[in-house]
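These features come from TrEMBL:
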TRANSMEM  6-30  transmembrane segment
TRANSMEM  37-61  transmembrane segment
TRANSMEM  67-100  transmembrane segment
TRANSMEM  107-133  transmembrane segment
TRANSMEM  139-161  transmembrane segment
TRANSMEM  168-188  transmembrane segment
Amino acid sequence: MMLLIIIIIIIIIIIIIIIIIIIIIIIIIIIIIIIIIIIIIIIIIIIIIIIIIIIIIITTTTTTPTITITTIIIIIIIIIIIIIIIIIIIIIIIIIIIIIIIIIIIIIIIIIIIIIIIIIIIIIIMIIIIMIIIMMMMIIIIIIIIIIIIIIIIIIIIIIIIIIIIIIIIFIFIIIITIPIITIIIIWS
């Protein structure tokens, strides 16, 4: 009896450790993805600013020898537009981070509920088996292991779905960002 209880407790601890490791890995992946997106966006914006300013300076200096007031105004307008775009991008990133945090919280809640259910099932199974025959302990252990494998498979499926959702969100985010930038380039070119 005590041996069975110890085995069940060890199995539950192992499940909890695996869940915590998976959650930590997901959070790290999300943070890395967000950092990469921010770096790419900043690089794109800097390149666009430089290209636009160079184009304006070249076009104005070919017509007039010096940079005019209109050129300065145009450059200021461009900088203001780019600042607005950066603000929009930051807002979008914040929204994505909030969505990701909500998803992680939901997953943690689901995992905790699953663990509680499994513990209850294990206790019920233990009581029933003990009431019938102590020799059935091996069967109980096999059932517990099968349940644990099923839970781990469910957790992995949930994680894969979340990663797919995150990738879709990132692609949508990139599309949303690139459309206004392309339109600005077309307008100014």
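Numbers run from 1 along the shown chain.
Each Cβ is built from the backbone N, Cα and C atoms, and glycine gets one as well.
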Quiz item: What residues in the same chain, six or more past the boundaries of the transmembrane segment (139-161), come closer than 8 Å to it by Cβ-Cβ distance?
Solution: 4, 7-8, 11, 14-15, 18-19, 22, 26, 107, 110-111, 114-115, 118, 121-122, 125-126, 129
Quiz item: Which residues, given as numbers and ranges, are at least 6 beyond the ends of the transmembrane segment (6-30) yet have a Cβ under 8 Å from it?
Solution: 100, 104, 107-108, 111, 115, 118-119, 122, 126, 141, 144-145, 148, 151-152, 155, 159, 162-163, 166
